């Protein structure tokens, strides 16, 4: 019986072969990535617990920080456990459906993080530039106006991107990655993937890039207002700087990961995979530490809970 031509084959099961070039050293990757995952889970859980349990941290600014911690807690769960099992036991198989679900989760939560940074910038804008109207605009009814459209945009673009990827015919089934990243899967397709490339680029431009432009405009207006008014808003500016640090960390790691796929000739596969994983995992580990360290109220609450011994029972649950 003759083999079927390659163009008539479409795989529905895949193997994630990230870091296989490391050979016998690959299982040792379990240690650093497990420690980063543990740090992410622990730090974000503590931050969520502190904000939830302390009534003084129930203002909109801290609620947004809490939502960021929830997203940072959820995002690694989509791929890190599977990746760790692959390092230890060489479990690399994943179905097309599982791959698409993972892809949607990673990209949608990542887009949500970008948009949340925009909401944080809006919160600071109203607090500093429109203080008399802050509580009016930050009431849940009014704030939902700023929430609804970006979420619809994010969901629409990510659903289209994942749906188009799912309709492709795949001639290969080895994904040179540890997770189902969009371009890593699409590059296995048999036919033309120009539409998928365009949708991927549009999603990158219309979500993180558009959010970054709006965030930049917001902070330019904020800093201009502060410099004109003197030292009245120095405390609020300190919060802005914290947001800017987190935004810079997130966008820089995302840009490096994005460019690594476009400059493939100069980047080894292992380095490209490492940068892509770090872009997702690194902010989840260090965002709660940055907020906890730089936000005075959260830092004081943490010290109080440590002193009273209330954090330790939480960690033992």
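Sequential numbering from 1, following the chain as shown.
Every residue gets a Cβ built from N, Cα and C, even glycine.
Of all ranges given (5-27, 28-50), TrEMBL attaches the label transmembrane segment to 28-50. Looking up the ranges 182-204, 205-227 in TrEMBL, the one annotated as transmembrane segment turns out to be 205-227.
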